[in-house]
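Undergrad: Okay, handing you the structure first.
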Amino acid sequence: MGKYFGTDGVRGVANRELTPELAFQIGRCGGYVLTKSAERPKVLIGRDTRISGHMLEGALVAGLLSIGAEVMRLGVISTPGVAYLTKALGAQAGIMISASHNPVQDNGIKFFGPDGFKLSDEQEAEIEALIDSAEDMLPRPIGAGLGQVNDYFEGGQKYLQYLKQTIDEEDFSGMKIALDCAHGATSSLATYLFADLDADVVTMGASPNGLNINEGVGSTHPEALAAFVKEKGADVGLAFDGDGDRLIAVDERGNIVDGDQIMYICAKYLKETGRLKQQTVVSTVMSNLGFYKALEAQGIKSVQTAVGDRYVVEEMKKNGYNLGGEQSGHIIFLDYNTTGDGMLTALQLVNIMKIKGKPLSELAGEMKKYPQLLVNVRVADKEKAMENEQVKKVIQEVEAEMNGNGRVLVRPSGTEPLVRIMAEAQTEEACRAYVERIADVVRREMGVE
């Protein structure tokens with residue numbers, strides 16, 4: 001991670017850390033790095049519903065125009081919508097203004113290259129070096145050399161038309177679908193998409209006012225949708241996050257269906273229809289043990305990566321896999337889009353329900369989730385804690401006792417002085433006992449008083 005770019009673009013409190021002055025520089029320098037080989041480069045910009053989106057969009061646009069780029073404003077649209085349109089419209093770059101599931105005061109800036117994928121570490125480092133350069137040596141066109149800005153709000157409809165082509169069913173008639181749009185980027189798009197497929201749509205979390213994004217709604221608060229599904233008698237509930245790159249579902253009984261379960265359902269269907277490349281699914285180390293056991297029972301292989309959808313995508317690109325994702329609901333169908341896509345995932349899930357004629361509770365119930373417990377221990381040195389002999393010893397002892405019927409994962413936090421201890425076992429009691437046993441040793445050996 002660099003000075004400005006984290007694991008998912010540039011993020012910070014809008015107008016304090018992520019200022020319009022910085023956004024102007026990011027637009028100018030980022031635009032230059034991504035478009036320097038084009039004579040009249042085209043850059044797309046989309047945003048979620050945060051109040052700060054207009055301010056940052058204006059600054060980014062000014063920076064881009066100042067290097068001679070042509071800017072197309074997409075308005076409110078999902079992150080995967082920007083990724084798809086960047087490639088589909090032949091743009092040199094796409095930019096999304098969003099902080100995803102973060103609180104409203106935060107915002108972020110995320111770039112996509114001409115292929116629709118997020119930037120490489122090298123490209124981000126080049127942009128950062130230009131931002132921090134003592135002297136601005138970038139082009140300063142004048143007159144007709146300056147860029148122009150145009151609105152392309154129909155981009156959202158172009159994206160929805162594309163999404164509809166990815167499913168086998170003609171429509172979802174006869175199905176009642178409850179949507180929770182997190183008062184975010186999918187608020188208009190998702191409702192239109194499913195209504196256009198003749199579903200009976202009921203919607204919550206679709207009244208953005210600039211301040212209520214993710215507030216008690218969306219994929220990080222699926223309990224709100226669970227109650228809504230039962231109240232409305234819906235067949236399925238679909239919860240998106242603020243920028244629309246995640247999906248968490250709810251079955252007809254009000255049970256939450258997470259990313260692992262959704263991936264399992266999709267992997268099984270793709271294998272049955274001969275479309276699962278290399279019979280393999282890519283997930284992160286945080287996926288549930290029950291997920292791997294369910295895949296194994298279907299003859300499906302799995303590959304694990306570090307936590308973060310960018311690592312999942314890297315692995316998929318490198319080895320030619322077409323399905324991957326995270327328990328949190330970032331699910332990537334690489335045949336159709338270059339990033340996690342909540343609406344695309346929702347379509348695939350409902351498509352499978354309709355084709356199989358089975359309720360979501362039955363489809364998701366094929367995967368038995370192991371109880372999972374995560375405990376954080378504050379330590380003086382998280383890296384040294386991982387090398388401590390007593391810590392290593394207790395982890396080995398616990399793994400031996402589990403004997404394949406459980407799993408333990410001990411790793412340093414990426415952002416805080418913490419060691420995260422996660423265990424899965426056949427019962428919650430066993431889970432707690434294993435986690436506390438390891439946590440006690442970590443506290444004793446490396447903990448902060």
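Positions of Cβ are set from backbone N, Cα and C atoms, glycine also.
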Undergrad: Of the candidates S100, S120, S361, S413, which one does Swiss-Prot list alongside D241, D243, D245 as binding Mg(2+)?
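TA: The candidate from S100, S120, S361, S413 that Swiss-Prot ties to Mg(2+) along with D241, D243, D245 is S100.
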Undergrad: Take the mean position of the Cβ atoms of S100, D241, D243, D245, the recorded Mg(2+) site. Which other residues of that chain put their Cβ within 8 Å of it?
TA: D48, S78, T79, S98, H101, G184, A185, F240, G242, G244, R246, G340, G342
Undergrad: Using DSSP, would you call S100 (phosphoserine) helix, strand or coil?
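TA: In the DSSP reduction, S100 (phosphoserine) maps to coil.
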Undergrad: Round to the nearest Å and give the CA-to-CA distance linking D243 (Mg(2+) binding site) with S100 (phosphoserine).
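TA: Their Cα atoms are separated by 5 Å.
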Undergrad: Output, ordered by sequence, the same-chain residues six or more apart from D241 (Mg(2+) binding site) with a CB under 8 Å from its CB, or 'none'.
TA: S100, H101, A182, G184, N214, G218, S219, T220, G329, G342
